[in-house]
Structure formats: structure tokens, C-alpha cells
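Peer 1: Pasting in a structure now, in C-alpha cells, and then I'll have a few things to ask.
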Amino acid sequence: MKATLIFFLLAQVSWAGPFEQRGLFDFMLEDEASGIIPYDPDNPLISMCPYRCQCHLRVVQCSDLGLDKVPWDFPPDTTLLDLQNNKITEIKEGAFKNLKDLHTLILVNNKISKISPEAFKPLVKLERLYLSKNQLKELPEKMPRTLQELRVHENEITKLRKSDFNGLNNVLVIELGGNPLKNSGIENGAFQGLKSLSYIRISDTNITAIPQGLPTSLTEVHLDGNKITKVDAPSLKGLINLSKLGLSFNSITVMENGSLANVPHLRELHLDNNKLLRVPAGLAQHKYIQVVYLHNNNISAVGQNDFCRAGHPSRKASYSAVSLYGNPVRYWEIFPNTFRCVYVRSAIQLGNYK
């Protein structure tokens, strides 16, 4: 009996053919059946896929193929289209016709310098548009109103027009870093149409001041690696929902009195690698701030009430991280009670000045 059972199992193994990987998506299995979609003569749409691209589960991958133009024969039910790392120079009208179900379009790292104003018109459900690392000098016109995420960092954008974001009420995230943008190139009211914006990054540009008119809905603003020299109170006015402000690697010498009062819900303030001469005023009165990065500045003294309110602490939250290393002030010159409202001493990083 045992010999018969072993023979039966061996026979089953011998009938099974070797595994043959047919494509990148072999491991992306459907909920039912295998990961390979069989040809169905009654439904020719299943077999439609641009030459050399890979199509699976409404995802079309045409990346890293050296393409110089957008292919034309996409399955009409495509929801994600990946065209990154090619040599596409232009997006023409009709390039995405019939892709009414497309949610994500990835065009990163091409050579795109021109986009037709009608190119995105068919994309009535588009939520994510990735155009980073191209040669765009301005933002595309008539972007879909369904858009939630726009990434255009590392292009050649020099101006933001008021019309660029008109009607984009659903956008939550914008990435604009790595463009040769200046304050003079940002039109008054440029951000006015962004009613739901939560996150914006304008880092590594040529701006010298915090852009005016940022949406009040913002919770994170990242302006690292620019040429900002000071933070004045009006530049933060209205940002009542802001919880994180990144200003690292600028040339800031002062944060004006009253600036922090305009961001009452701020929890993280990154001011490291600037030229600050003193600790920003208003930290002690701020109820919610927990993280303050001030390392690698020119701070030569720290007052006893710079971080904690005089007398009994009235803060809602304790500091979880305060960095002061890389400043001229010596740690032994700082009074022990300076951080009396910090309950975990390991949160304080002093270090030495080089």
C-alpha cells in the first residue's frame, strides 16, 4: 500500500512541468485563477497591449523602453499607466484618448518639454500625475479637476500662474522642488484654487522668502534648500492648520516676533543649517510644538525662558526632540533649568561647535 502511494505521488510530480516565468507580473496573481490572463476571442480587449509593454490587471507598464512618443493602443480599462524612464519629448492631444478610467499617470524621467492643453482632457478620473525629472518650463494647462497628487519636481519651471491651479479643489499634495523658481515668478493668488491642499514642497529653488498666499488648509510646508533670509510674521499668517514647517538649509538669520503665533498647531519646526543668531521667539508660549531643530546655526546664547514658560509649565505637549549642536553656545553655558518642561532629557541634543 505504501509503495503504491509513493508511486502515485511521484507520477504526479513527473507530470508537472517546470516553472516558466513569462513576465514581470507572474507574481501578481488575480484573486481567483492564475496570474496569466488567457486569450479570450470573445473579449479582444483583454489581449490589447502596446508592443513591448506589459499589461496586467488594468496596469500597463511601458517604462525603460527608450520610447520617444506615447504608444497608442492602451487597453481602455487601464487604471495605472507607467511611462517613466523613456525619451518622450511631447504629450500631444489624443495621447490618452479613451482612458476614462485612468487613476495614475507616471511620466517621470523623460524629456518632456511640451504638453498640449487638451492632452489630459479624456482623463476624467485621474488622481495622480507624476511629471518629475523632465524639461517643463511651466505647469500643464487644463489639468483634470479630479487630481489629488501632482509631482513636478526637477523640471525647468520658472513661474506659477494663477490659472495653473484654478479648479483643482481636490489636490492634496504638490511637489515643486528642484525648479529654478523665484518669488517674482509666483503670480499673486497662484495658490488660490487649492482649497484642499495639505502638503507642499518647494525645496531647492531660488526663492528668497516664504511664498505669499499659501492655502490655509496646509498641514505640511517644506521649503528646504532655498535662499530664504528671514521669516516674517505675515508670511505665516492664516496657516492655522500647519503642523510641520521645514526651513532647513536656507540662509535665515532671524525669525520675526509673532511668527509662531500665526501657526498655533505647529508640532515640528526645522530650522537647522541656517544662520540664526538666537532661538526663535515664541517657543515657550507655543502649546503644541514638540520638535525643534536648530543645529548648525550661529546661536551664541540660550536664555532660561527660550523653550519653557517662566514659572509653572503650561504646555499641552512636552518636547520630544530639541537639537542645538553645531552652534557657538557651549553646553555648560546653558542653565540646567532651561529645559525644565522637557520630561525626557535624552530629547535634548547639545553637542559641540566646530
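Cβ atoms are placed via backbone N, Cα and C, with glycine included.
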Peer 1: What residue among Cys53, Cys55 is stated in Swiss-Prot to be the disulfide partner of Cys62?
Peer 2: Cys53
Peer 1: Of Cys62, Asn206, Asn241, Asn257, Asn298, Cys341, which recorded positions are close to Cys55 (disulfide bond), meaning a Cα within 10 Å of its Cα?
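Peer 2: Final answer, ordered: Cys62.
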Peer 1: In the same chain, which residue numbers or ranges, 6 or more beyond the ends of the repeat 'LRR 10' (277-299), come under 8 angstroms Cβ to Cβ?
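Peer 2: Distant contacts of the repeat 'LRR 10' (277-299): 231, 248, 253-255, 257-261, 264-271, 305-310, 314-329, 349, 351.
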Peer 1: Counting only residues 6+ away in sequence within the same chain, which have a CB under 8 Å from the CB of Asn298 (N-linked glycosylation site)?
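Peer 2: Result: Lys275, Leu276, Leu277, Asn327, Pro328.
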Peer 1: When you rank Cys49, Cys53, Asn206, Asn241, Cys308 by Cα distance to Asn257 (N-linked glycosylation site), which of the recorded positions ends up on top as the closest?
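Peer 2: Going through Cys49, Cys53, Asn206, Asn241, Cys308 one by one, the closest to Asn257 (N-linked glycosylation site) is Cys308.
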Peer 1: Any residues 6+ beyond the ends of the repeat 'LRR 12' (330-354) with a Cβ under 8 Å from its own?
Peer 2: 295, 301-304, 306-309, 313, 315, 318-324
Peer 1: Give me the DSSP three-state residue breakdown of the repeat 'LRR 12' (330-354), ordered helix, strand, coil.
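Peer 2: DSSP composition of the repeat 'LRR 12' (330-354): 10 helix, 2 strand, 13 coil.
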